[in-house]
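Asks: Feature list, courtesy of Swiss-Prot:
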SIGNAL    1-26  signal peptide
SITE      ARG123  site 'Transition state stabilizer'
ACT_SITE  HIS127  active site, proton acceptor
BINDING   HIS289  heme b binding site
Amino acid sequence: MKGKTVNKQTLAALVSALLVFNPAVADEQESAQMTKPKGAAATGTAKAFQPKSKQFWWPDQLDLSPLRDHDSRSNPYGESFDYAKAFNSLDLDQVKADIDQLLTQSQDWWPADYGNYGPFFIRMTWHSAGTYRTLDGRGGAGGGQQRFEPLNSWPDNASLDKARRLLWPVKQKYGEALSWSDLIVLAGNVALENMGFKTFGFAGGRNDDWEPDMVYWGPEVEMLASDREDRDGKLQRPLGATHMGLIYVNPEGPKGVPDPLGSAKNIRTAFSRMAMNDEETLALIAGGHTFGKMHGAHKPKDCLGAEPAAAGIEAQGLGWHNKCGKGHSEDTITSGLEGAWTQAPTKWTSLYLSNLLTYDWQQTRSPAGAIQWIPTDESVHKAVPDAHVKGKFHAPVMTTADLALKYDPEYRKIAERFLADPEEYRLAFAKAWYKLTHRDMGPARNFLGKEVPQGNFIWQDPIDDKTQSRLSAGDIKQLKKAISKSGLSVAERVRLAWASAASYRQSDMRGGANGARIALAPQKDWTVNNPAETAKVLKTLEAIRADFNKGAGKRQVSLADLIVLAGASALEQAAKQAGFEVAVPFTPGRGDATQAQTDENSFSLLELHADGFRNYFDVNHSYKSPTEMLVDKADQLDLTVPEMTVLVGGLRALDANYQGAKHGVLTQRPGTLNNDFFVNLLDMSTLWQKSDVDGIYQGLDRSSGKPKWTATSVDLIFGSNSELRAVAEVYAFDTSKQKFVDDFVAAWVKVMNLDR
C-alpha cells in the first residue's frame, strides 16, 4: 500500500479484515459492545454485524414470529420422539430416591442451608410453576422455561441457576426419559416429602421446550419496575405479577411501601390470576414459607455480578457471582431479605402460622437494607438456628407480604382455622401445591405416572367418559344425512363448530370441542358465540342426537362429536358447491361435560374478546390491536402462518363471520369453499380506503369509484403485510384452487382435534 492513497472505504475494509483475522481484537470489541448495565434494556446502539428485524425499522409491522417459534427442528429428539412412552419407562421410585439422596449431599461450590437443599428446590419448583396466569394460560412449569431467558435471569429467580445445576446429575442419568420440566416439579415434591410432608401426588408428562416462549411479561423496560396498573390500581391484563421480574408481589410491600393491607390486595389479585382462591393462597404462602430462609447478607449492588443472561461466557450460564465473603453460605444474597420464618426450617410444622399470629411484629431492615419484620418479643430473638454457622441463632422474620395474611380479615380467619386444625392445613397445602404445579397440564388424560391421584379436580375441566361416542362408518353417514336435512345452513354449522373448537388454547391446554361446553354456561352466553344463533343450532342438533341415540343401542353419539360432525358436513357441502369432492376426516370419541363439571368462573377467563377468524373484535376488552389479536389467537391454536392464512380466507368465503357480517366476505358465492377472498383481495381493480366507521375499510372500483366490498384490518393485513401477502398469493393462483380446499380442510381438522 506504500505510496498509495487509502480512501475511507479501503480503510474500513482493512479494519474489518483485521477483526476477522484477529480473534482477540474481535472478541474484545464484541465484549465491549455487549456490556451494559445490569438489567438494562437495549440502549438503541446497534451491535456490530447484527441483522435487524423489520420491527427494528418499522415497529408497527405485524410480528408473525409467535407462529414460528418452537419449531420441531429445534428439538434434538426429533418429531417422532414419544415423551409419554419414555417417561412411563422410568422407575419413578428410583428417580425419587436419587433426588432424595442429593438433597443432603451438600456441595462445596454451593453449600446447602441447614445441610438440606429441600427448601431451595421448593423455591425452584414454586417459581417454575408460579408464572402461570389464568387470563391467557401462559407461564407455568410446562416446557421448563425457567432454563431460558428472561425467566432464568429474573431477580426473583436469583440463585435458582444453582438449583438446576445441583439437579444435573439426576437429569444426566435419566436423559430424555425425564424432562427438565418434570424434574423441576418432582424435585419440589421429593423435597417436601424429605422434610416430613405428605404430598397429594405427582404427574409427569410435561414436554420440554428448546427455546424461550414469546410471552408479554409487562410494559416495563427495567427489572423490578412496576408500571402496570391503571389509575384505579387495577393490574393490566393479562399479567399476574405486580413487578417486572417478580413471580407474584413485592415482598416489602406495594412498590416497596411496608403496607400489609395494601400487600394483601396485591396478593389477592396476583394469586387469583393464578387460579387460586383465598384458602389456597394462604395455604401456599404459609406452607412454602414453613421451609428455608431468605438471603440478604450484603447489599446486592455491592456484591453481586450480572445475572446469567448478562454474565460472561466463562460463567457457563451461571449468574449473580457474589464477591463478598465466601460468596455463598452465610454470605448468600438473593432477594436482599434475610432470615427464616420458623425455628425448624427443614421440617413440616405449623410454626409459620403460630409465629405469624402469636407475635407482634416490628419493622426492621436486613443487612442488605430490605424492609422486613421481627417479633417485638425479644425472648425469641435467638430461636432460629443459623443456616451455616453452628451455635449462632436469630429471630424469626416476616415480610410485609407475610403480615398481610395476619392483618387482612379474610386471610386471618383462614390462618386461625388452619392453626387450630393441623390436618386441615396439611391437606389444604397438599392440594394447593398439587394444583400449583399441575395447573398448566390440561385435562387428566395428560397426567402420567403411578403417583397421579384418583379422580378429577374441577380445575382439570373433567368430561364424563361414559358419554364418549362409539360410532361406525354407517352411523357417521346416517348422522351426516340427518344434519344435511335439518335446515341448518353451511354458515350456521361452521360457526358453531368453530366456536366450540376455537375456545382451545395451547398455553394451558384448556377449552376445545371435547366436552361440548359450547352448550353450557358461560360459553353458550359469550358475545362472540352469538348466543341466539348458538341456542338455535344446538336445539336442532340435540333433536338429531336424541333421535339417533334412541335406536342406536350402545353406539351413542355425544353432542361434542355431533357439533364437529356438523362442521365437517358443512365443509363437504360447501366444497361440493364450489366444484370439489372432499371427505373431511372425522374421528369420533369426544365426550360431553355437565354443568356441574364446569367451573363457570374459571371458564369465563377463556372468553374470546377478539377472534379474527370470525372477524370479531371487542375494543373495550382487547389489549392488542385486531391484527395482533389474530396472531395471538392463531398462536393459541398452534397454527402456522399458512394455516392461519388459509383458515381466514376460507372462513370468509363460508360466510362464517360474527353475526353474519359481510366485512371481508370478498366473494359473490358466500357459503361455498372457494379462494375468492384471496383473488379479490389482491385484485388491483379495487382501491381500498378508510370508511367513516372506525376499523372498517371500503373497497372501491378503481375506475368507477363504486363500492365493491368492506373489510377490517384483519382482512386487509393479508394484502398489506409482505409475509402474509406472499402466502395469500399462493392461494390466489389459478392453479391453487384444489390446494386451497385441501389446505383449508387440513387446518380445520387440526383445530377440531387440538384438545385430543
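FYI, residue positions are counted from 1 along the chain as it appears here.
A Cβ is built for glycine as well, from the same backbone N, Cα and C atoms used for every other residue.
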Asks: Counting across all protein chains shown, how many other Cβ atoms sit within 10 Å of the Cβ of HIS289 (heme b binding site)?
Replies: 25
Asks: Rounded to a whole number, how many Å is the Cα of ARG123 (site 'Transition state stabilizer') away from the Cα of the residue listed as 'heme b binding site'?
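Replies: A Cα-Cα distance of 9 Å.
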Asks: Show which residues of the chain containing the residue listed as 'active site, proton acceptor', separated from it by at least 6 in sequence, have their CB under 8 Å from its CB.
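Replies: Result: GLN146, ASP156, ASN157, LEU160, ILE247.
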